[in-house]
Amino acid sequence: MDEYDKKRRLEHGGSDRSRSSNDNRNSHGSSGNNYRDDRKDDRYYRDDRSHYNNNNNNNNNNNNNNNNNNGNGYRDDRNYSSQNKYQNHHQQSPPQQQQQQQNSSYVPSQPPQQQTQTQQQPHIQAPPPAKPRKSRFDQAPETIPIQAPQQPPMISNQPIFKQQPMYQQPMYQQKQQQPQPPIFQQQQKQQQPPIFQHHQPPPIYQQPPVYQQQQQQQQPVFQQQQQQRVATEAIQFQQTPQQLAIEQERLKQERENEKKIEQANLEEEMKKRREKVEQWRKQKLEQELKASGSSNSGSTSSPPTTTTTTTKTTAATTTATTSPLTIPSQQQQTATTSPIKKKWSLEEEEETAQPLVNTNIEQKEIKLPPTANIPAAAATTTSATINTTTIKQSIEEDDDIDPLDAYMENLNKEANLNLKKSKTSQMIDDDEKLEEESEGEDDGKDKTIKKGKKEMLHTDHTSIKYAEFQKNFYIEVPVLANMTETEVLDFRSELGVKITGKDCPKPIQSWAQAGLTEKVHLLLKKFQYEKPTSIQAQTIPAIMNGRDLIGIARTGSGKTLAFLLPMFRHILAQPKSAPGEGMIALIMSPTRELALQIHVECKKFSKVLGLRTACVYGGASISEQIAELKRGADIVVCTPGRMIDILCANNRRITNLRRVTFLVLDEADRMFDMGFGPQINCIVDSIRPDRQTIMFSATFPPKVENVAKKILNKPLEIIAGGRSIVSSDIEQFVEVRPTETRFRRLIELLSIWYHKGQILIFTNRQETTDNLYRQLSNSQYQCLSLHGSKDQTDRDETISDFKNKVKTILIATPLASRGLDIKDLNLVVNFDCPDHLEDYVHRVGRTGRAGNRGTAYTFITPDEERFSSSIIKALEQSGSKVPDELRKLNDTYEKKRKEGKDVLLAPTGFTGRGHKFDAAEEDKKNIERKQQRKAYGIEEEEEEEDEDKEKAEKEKLAAASAEKEKQLLSEKEKLDPATTNTIVIPGVDGTIITPSSLLQTDPSVPVGQQAINQIFGISQVTSSEEAIKKLQLAAQLGMKGNIQKLNNQITPLNQTHFIEELEINDYSQQARWKVTHKDALLEITNFTNTTITTKGTFFPPNKIPAPGERKLYLYIEGPSDASVKNAKSDIKKILDEVQSTHQSTGKYSVF
């Protein structure tokens, strides 16, 4: 701020700015912004503008007519910059200044009290050139005059508040003031505006009396407020930051003290009212006692059969009649009928306590029993007891209507209501809490609850009358109707569509032929869906026609939109669902991430169409999901487990499935494979039978398809591009490399692809995911990790960050292989090789979506050779080149299998029974099969026919061994002519026993072994290789029981022991340990007098024993057949008991 600005501010410290500013409007067209830093100090001048302008309207009228910009009064003297002002007033000569001052209307405003002082001041010298502005509080030059702010003049005889200085004058201003130049005094005297003259406006501009009276009434209050505000600002301006902090603390303490005082006053008020209530109760009790005493005296003098009736008396009455009172009927009704009492409140209570003199006390009629047969003393005692009872009842009634208790009872009711609401919101906890509650001592109770879910969800459709609904909305356009069958077949072959089923509609060529609404067409144009894809062109007409459908298409082909668009048309044709009625469309998905993705895609259209959607999945807050369902939802996207929880919660009062007419199963093959089968059937059975059911997936094995078709009604199967085929837009690379080199190769790929887009890395295990995340983070790569052990919040944030490109690398388990749609995902790396074809197709299908190009790398180690056949099949079906190393790896594996070596079998993929991820799950399945066979009385037969490959291998080995046995037997027949009398053993093909062979025995060989040798044609000169093959044949054919029976039949001839075998290889680890421990078997051996020996080797379920080896079994020997069988049955009981105890159950045991 320069010197002239400070001088102008000090000159106007006590003047009326509004008057001088109106004159300045004539010469200055606009108000500048050069002096905005002065506003904080002078803002208290703004509020009194109306006061001066109203009283001086006549003086300012002419000046306002020529005003170009209606600025505030005090701002108009800021139009010139400090440099222009300095040049106009100081750098020019005095004549030039005078001429310029006369030509312009600019006159510095100054109060009249200061005019005389200004005229007497001498000249001042011209100040030096203006310096650059530094700060608001920079030191000013010494030549600036100092004038204390003075009180403005009284205008229209109205009091004006006394202006106080904004801040104290600094020390540098307390110097000798220099006189002003004479020329400056002269021009001030000549150009003094008439606004400062003390005169009243002309009568024509006189304000109305009423307005003046109102203004005079409002002015003192306004001035007082202004004075307080100015004083506060002046104090704050003078204080330092430390003082301001102290002042704030003081104000805070004052506010706290005020609150304490208010609280103390409130407590004192409540105390007074409580005392009043207690006093009122005491007085009422005294009056009741008096009234009861009078009634008691009356009852003692009355006849035995007389009814004593008490009337309403006042507290002022001191005497009561002792004779019976006769009251008319109307008066009796009035006396016996209690008046309606108004609810008491604290607000209606008066401040001062008043004696309850005229308070009416109601007394009830008391009927005394007849006292003819009762002594006088007894009668007196009876009447006294009745009176006491009456008093107690009256006291209890008074307690019930106690005012303070009534008030507190209302508060308790409100608190209980809020508590009930909070309990309702937390009625059911998350899935994790349900699992924790199911552990420990409540296992039995929780199993009962879970078992009851099936019964709770069971619906008798015959007893429910469902409303009719429309399925068929499709109207074929003339263009499609005129197409011939040949043209339709050509168009379908062009789309790559194959159809199974009857009466399938013709495929559409554009969105206009689909029969969609106008809003949907606009949304499709907005989201840039130009034309239908192959799967959309054929499935949309079929779904709009009301048919059940199985849709199979490649990843990224638009399957989600294929069922969403017909679903919207289906819902809009039905009445809107009211709160509590349930949803109309239900979409189920196997993973939470896919459910969220479908929900987001659905909301793009539902918001415009006016439909309500809800997403129900595990891991999230169940209270929010319940609230959404109670408000009403037309579309619900869910996972099966959480949906069952909500359907069964609160006795099925949250929602129901009665209005569901459109059911969608996305990734349906995975739904029936991941153990969701019982849950899916449980939900589907609760939906009306005439629903429309849609299934979509990129892979659909035939076995799963057979299971899925059970819930469909005459479905159409539409395959676009093939079944379990990788898209041709994806470039696939498979590298055979050791485990140690995989990470180094991954770093090389990241260095190439890191800046090209987003990257997704798949692993098979959660531990591998965490380790790889740690290694990449140490290598300075920003990445994310995703697997099932993470919280749902972390999983949602991970997917969101990856889609929003916060970080461009995601390491995930196969959890992310289903339905995850990332637009800019350019690279997929299978760090761990997929274990079956369908998993490989879904992993690789995360890239190359919606017509974009993608790249996929797969690492396979020599130890994972069993997976090579699935990858080769995927490469051949998609038309990609198969590396030579991969073919060599597969050939080596097939060669080992043919030779019968110890190799691991590759999983067969989705079989409809649950994917076999590890040996533990396979053990569980085998145990269940064994228990089923035992329940049907089948113990020693082969496995079920579902295990086709294993059975085929066994049959091949058996056929080869049988041919060799026949050749050996034919040779022996030629050598031994005594074959007339032969014994054919049932159950063993091609085995005969001749009498001569039984007589040819070796005393060094046990009798049982000799019999076995005779059965299988094994002589002492037989080679060990042939003997091994024959024993292997017997083991594979499952004839161990027949051999044991034969031993038991032959051995008694020589008085030897009996033998039994019990295979325990397929039981759980706990069961195997139990029956092989000496302590557990000691009791059995002592009781049955047998010997039990563990033999064989443990083999995992997916391994076949090599020739000459057997699975783990128990060898039981005993003196009699009964003892051996008893020992075997006891061991089986132990195995079954341990197996049932340690059998692992799933999360949802509905069936």
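Placement of Cβ uses the backbone N, Cα and C atoms for every residue, glycine included.
Annotation comment: Swiss-Prot describes 1-26 (among others) as compositional bias 'Basic and acidic residues'.
What Swiss-Prot records for 1-138 (among others) is region 'Disordered'.
Residues or ranges marked as compositional bias 'Basic and acidic residues' in Swiss-Prot: 35-51 (among others).
Under the heading compositional bias 'Low complexity', Swiss-Prot lists 52-73 (among others).
Feature annotation from Swiss-Prot assigns compositional bias 'Polar residues' to 81-90.
Per Swiss-Prot, compositional bias 'Low complexity' is recorded for 91-124 (among others).
Marked as compositional bias 'Low complexity' by Swiss-Prot: 166-199 (among others).
As annotated by Swiss-Prot, region 'Disordered' applies to 166-224 (among others).
Residues annotated as compositional bias 'Low complexity' in Swiss-Prot: 207-224 (among others).
For 287-358 (among others), the entry in Swiss-Prot reads region 'Disordered'.
Swiss-Prot lists 291-339 (among others) with the feature compositional bias 'Low complexity'.
Residues or ranges marked as region 'Disordered' in Swiss-Prot: 424-449 (among others).
For 428-443 (among others), the entry in Swiss-Prot reads compositional bias 'Acidic residues'.
DSSP states for the motif 'Q motif' (509-537), grouped as helix (H, G, I), strand (E, B) and coil, give 16 helix, 0 strand, 13 coil. The feature motif 'Q motif' is assigned by Swiss-Prot to 509-537.
Annotation source Swiss-Prot lists domain 'Helicase ATP-binding' at 540-718.
Marked as ATP binding site by Swiss-Prot: A553, R554, T555, G556, S557, G558, K559, T560. DSSP assigns G556 (ATP binding site) to coil in the three-state reduction, placing it in neither a helix nor a strand. Sequence-distant neighbours of G556 (ATP binding site): residues of the same chain at least 6 apart with a C-beta under 8 Å from its C-beta are S727, D821, G845, G848, R849, A850, N852.
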Other CB atoms within 10 A, centred on R554 (ATP binding site): 28
Non-site residues, in chain order, whose CB comes within 8 A of the mean position of the CB atoms of A553, R554, T555, G556, S557, G558, K559, T560 at ATP: T533, I535, A698, R849
Residue numbers, six or more beyond the limits of the motif 'Q motif' (509-537), whose CB comes under 8 Å of its CB atoms: 473-475, 477, 479-480, 491, 495-497, 544, 551, 553, 557-559, 561-562, 565, 568-569, 572, 604-605, 608-609, 718, 720-721
The one of T555, S557 whose CB sees the fewest other CB atoms within 10 Å, among these binding-site residues: S557
Tertiary neighbours of K559 (ATP binding site) (same chain, Cβ under 8 Å, six or more apart): I535, G551, A553, D666, F696, S697, A698
Intrachain C-beta neighbours of G558 (ATP binding site), sequence separation six or more, cut-off 8 angstroms: P532, T533, I535, Q536, A850
Secondary structure content of the motif 'DEAD box' (666-669), with strand meaning DSSP E or B: 2 helix, 1 strand, 1 coil
Local confidence of the domain 'Helicase C-terminal' (729-890) - pLDDT mean: 90
